[in-house]
Amino acid sequence: MAFYSPSTISKYFIYSGAGNRFLLGETLPEVEDVRFLCQETRVDGFLYLKPSSCADAQLIIFNSDGSRPTMCGNGLRCAIAHLASQKGKSDISVSTDSGLYSGYFYSWDRVLVDMTLADWRASVHRLESRPDPLPKEVVCIHTGVPHAVVILPEISTLDLSILGPFLRYHQTFSPDGVNVNFVQILGHCQLRVRTYERGVEGETAACGTGALASALVVSNSYGWKESIQIHTWGGELMTVSQNRGRVYLQGSVTRDL
């Protein structure tokens, strides 16, 4: 593992997408260095940007444990904000392991990305044995990475250190496992979401693909057509909207100075 002094670490940028924190850089560390850097800076993942022949940049994403997810919605929005500020334009395209995405930088309070996929791969899974208060069935949907969505009357008192790993490693979702979202319906088109993230192996303040998964599952169940507001566990607000068959995720992005 390379030696990282405070001055070396300061060469990276720290971004937050609606509370989801990332280290962003244009040099690629070794996997063990990714784990170290994420631990030192207390972030959820590492974003590596490199030149691309088909987009403004290619984004390679690492979880804090060094694993590589194919997509991270808030990480992608952070990359879009970074590229917009570097290139001096608002229209940004990014190539990822999950495909080519386009986004738009309106302001630091509103960074949008088109998250549309041809197939969301939604499926219902029955849990024969489960701890309370998990329901008999959960929905799994693929929003670039797999997510299980559990709708419950109240989620603020849930112990995600128990319920999260139970579903994340459940044999139903083997061998790769899933991210797990616990969803509370606050009102029409208003959701509160808590997410246990695969690769972080814990709850995060927000999760973009999890917010998207939760909104898609609930809107399909209740027939909602309007934009859905997601109240994250960290207190930020995200919005999922649909227009002419396209699905958009938006929210704030901040950069630590």
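Cβ coordinates come from backbone N, Cα and C, glycine included.
These numbers come from a predicted model, not from an experiment.
Now, the feature entries from Swiss-Prot:
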type	residues	note
BINDING	Asn20, Asn63, Gly73, Asn74, Asn179, Glu197, Arg198, Gly208, Thr209	substrate binding site
ACT_SITE	Cys72	active site, proton donor
ACT_SITE	Cys207	active site, proton acceptor
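Where Swiss-Prot records a feature, it is marked here on the structure.
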| residue | record | DSSP class |
| --- | --- | --- |
| Asn20 | substrate binding site | strand |
| Cys72 | active site, proton donor | coil |
| Asn179 | substrate binding site | strand |
| Arg198 | substrate binding site | coil |
| Cys207 | active site, proton acceptor | coil |
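Around Asn20 (substrate binding site), the same-chain residues at least 6 positions away in sequence with a Cβ under 8 Å from its Cβ are Asp44, Cys72, Asn74, Gly75, Cys78, Thr204, Ala205, Ala206, Cys207, Gly208. Apart from the site residues Asn20, Asn63, Gly73, Asn74, Asn179, Glu197, Arg198, Gly208, Thr209, the chain places the Cβ of Asp44, Gly45, Pro69, Cys72, Gly75, Val145, Thr195, Val200, Thr204, Cys207, Gly210 no farther than 8 Å from the centroid of the site's Cβ atoms, the recorded substrate location. Neighbour count (other Cβ atoms within 10 Å of the Cβ, all protein chains): 27 for Asn179 (substrate binding site).
Site extent for substrate: among the recorded binding residues Asn20, Asn63, Gly73, Asn74, Asn179, Glu197, Arg198, Gly208, Thr209, the largest C-alpha separation is 15 Å. Around the residue listed as 'active site, proton donor', a 10 Å sphere centred on its CB holds 29 further CB atoms from the protein chains shown.
Annotation for Gly73 (substrate binding site): same-chain Cβ neighbours under 8 Å, separated by at least 6 residues, are Gly17, Val113, Met115, Thr143, Gly144, Cys207, Gly208, Thr209, Gly210, Ala211, Leu212, Leu249.
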